[in-house]
Amino acid sequence: MIMFCVQCEQTIRTPAGNGCSYAQGMCGKTAETSDLQDLLIAALQGLSAWAVKAREYGIINHDVDSFAPRAFFSTLTNVNFDSPRIVGYAREAIALREALKAQCLAVDANARVDNPMADLQLVSDDLGELQRQAAEFTPNKDKAAIGENILGLRLLCLYGLKGAAAYMEHAHVLGQYDNDIYAQYHKIMAWLGTWPADMNALLECSMEIGQMNFKVMSILDAGETGKYGHPTPTQVNVKATAGKCILISGHDLKDLYNLLEQTKGTGVNVYTHGEMLPAHGYPELRKFKHLVGNYGSGWQNQQVEFARFPGPIVMTSNCIIDPTVGAYDDRIWTRSIVGWPGVRHLDGEDFSAVIAQAQQMAGFLYSEIPHLITVGFGRQTLLGAADTLIDLVSREKLRHIFLLGGCDGARGERHYFTDFATNVPDDCLILTLACGKYRFNKLEFGDIEGLPRLVDAGQCNDAYSAIILAVTLAEKLGCGVNDLPLSLVLSWFEQKAIVILLTLLSLGVKNIVTGPTAPGFLTPDLLAVLNEKFGLRSITTVEEDMKQLLSA
């Protein structure tokens, strides 16, 4: 059987249409796993439909609220490739739905939900049979009836909500819960399960998702800073230190903290990778002296870099790609919603098996000459620099700020972002976040009167800090955010980037430049609408874009 998935930037693009629709997607996801993820999403939409109904009766089931976004997160690009676990999530969704339905019926014997997903049952235990059932829920199944524009808007909402669900899970792990957010999530997820076809309603929904995600990023920021302190500028070594070692990748700071606690006194050093790099800026994490540095570059290079790492690797969230290529599948471990067939999974927060494996391996035999980069420009630090930025602008020492961030990826056109960074004039500042920074974060950019020209604000969700800084600067200068000497040049890859974009658009931020390509699910008509409403456009050349942005 074949699949249909168009959710990430590397999706197949042909004159006949966009999307991975063969036996395997560009990410390595098989048609089986992709189709079963469609089935899981349908089950989650049915669960959300009953969660909405339950709230009408004052019933709030926290097991449902914690499970639903987490399971949805498992369908995000490069998270879970393990078909049996995807089916397990679908079964759990249905079991939770039936329990919630029973709670509703206990209050009102006539309780009903008008949603096509509300009574979904799995037809078999056989993966092949379930894959055939999943064909009913392929996202493009009614494309001929609704047209590409409606399908594109549905997917914009679905993928945006998926990105928000990921951030909800990150926040939930840190003890953050906001009933209004979960109520809104369930309402939108249930509505998408009705296969809506009204263009205006879908556009409004996309903006609602963006506004909701701003609140999600707020509680995630509160969770991270509340537990681990406010990030402050910190130098991080990106070269090896002699000793046994563990590499931890992803976004989950709690997993990193637990690993650091459990490796104290063991002689095992811990390295961050990918989006875990900003962890070094948090006081409660950098206090561990055996958190010795950051290893590697963008996630897309992991098959080479992980193969060379002389210790075990822990994946706490996206992005994982096929570990058998580099033959390190026997020493990579998955956590939480991450999965790869045949790879060992850690069900709880006990890392003793990983530590034991690290102690049996050689580790780095010698220390390399250190290469230090600076991270840790969190929200509090950025706000503390607001007056300095305004002073530099008023004295014409600082001409422009470029927010140059987002996802990294394998496409060659992404070298645009390296070229852009190196061509930013000396009187301009680069604010960066997310893993796109690996395109230029080891280069030297100097400073403007002591203020670094390259300012690393953190993970992708730390777009919240950048937004708060922009709002603060606008308030202090008595202008709108769009009137600031600030331009956003964003690289995208997956659904977290989509919801960040929706968040910015929902807040009224205009004239964003994105690349390296437009999302495959957005038609030329939809791109034209977004350009007309928000000034959103794709990158062209570094020279042309730089000239246009500096003259705006």
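For all residues, glycine too, the Cβ spot is worked out from N, Cα and C.
These come from Swiss-Prot:
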type: BINDING; residues: Cys5, Cys8, Cys20, Cys27; note: [2Fe-2S] cluster binding site
type: BINDING; residues: His251, Glu275, Cys319, Cys407, Cys435, Cys460, Glu494, Lys496; note: hybrid [4Fe-2O-2S] cluster binding site
type: MOD_RES; residues: Cys407; note: cysteine persulfide
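Features recorded in Swiss-Prot, as mapped to the structure shown.
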{"residue": "Cys8", "record": "[2Fe-2S] cluster binding site", "contacts (Cβ under 8 Å, 6+ apart)": "Met26, Cys27, Thr77, Asn78, Phe493, Glu494, Gln495"}
{"residue": "Cys20", "record": "[2Fe-2S] cluster binding site", "contacts (Cβ under 8 Å, 6+ apart)": "Met3, Phe4, Cys5, Val6, Thr11, Ile12, Met26, Cys27, Lys29, Ser34"}
{"residue": "His251", "record": "hybrid [4Fe-2O-2S] cluster binding site", "contacts (Cβ under 8 Å, 6+ apart)": "His170, Glu275, Met276, Thr316, Ser317, Asn318, Gln459, Cys460, Asn461"}
{"residue": "Cys319", "record": "hybrid [4Fe-2O-2S] cluster binding site", "contacts (Cβ under 8 Å, 6+ apart)": "Thr77, Asn78, Val79, Gly274, Trp299, Gln300, Gln302, Glu494"}
{"residue": "Cys407", "record": "hybrid [4Fe-2O-2S] cluster binding site", "contacts (Cβ under 8 Å, 6+ apart)": "Glu9, Ala434, Cys435, Gly436, Cys460, Ser491, Trp492, Phe493, Glu494, Lys496, Ala497"}
If we count other C-beta atoms within 10 Å, could you say which of the binding-site residues Cys5, Cys27, Cys435 has the fewest?
Cys27
A 10 Å Cβ contact count, applied to the binding-site residues Glu275, Glu494: which residue has the minimum?
Glu494
Other residues, Cβ within 8 Å of His251, Glu275, Cys319, Cys407, Cys435, Cys460, Glu494, Lys496 Cβ centroid (hybrid [4Fe-2O-2S] cluster site):
Gly274, Trp299, Asn318, Ala434, Gln459, Phe493, Ala497
Specify the count of other C-beta atoms within 10 Å of the C-beta of Cys460 (hybrid [4Fe-2O-2S] cluster binding site).
26
Setting Cys5, Cys8, Cys20, Cys27 aside, what same-chain residues sit with their Cβ within 8 Å of the center of the Cβ atoms that define the [2Fe-2S] cluster site, listed in sequence order?
Val6, Gln7, Gln10, Thr11, Gly19, Gly25, Met26, Lys29, Ser34, Thr77
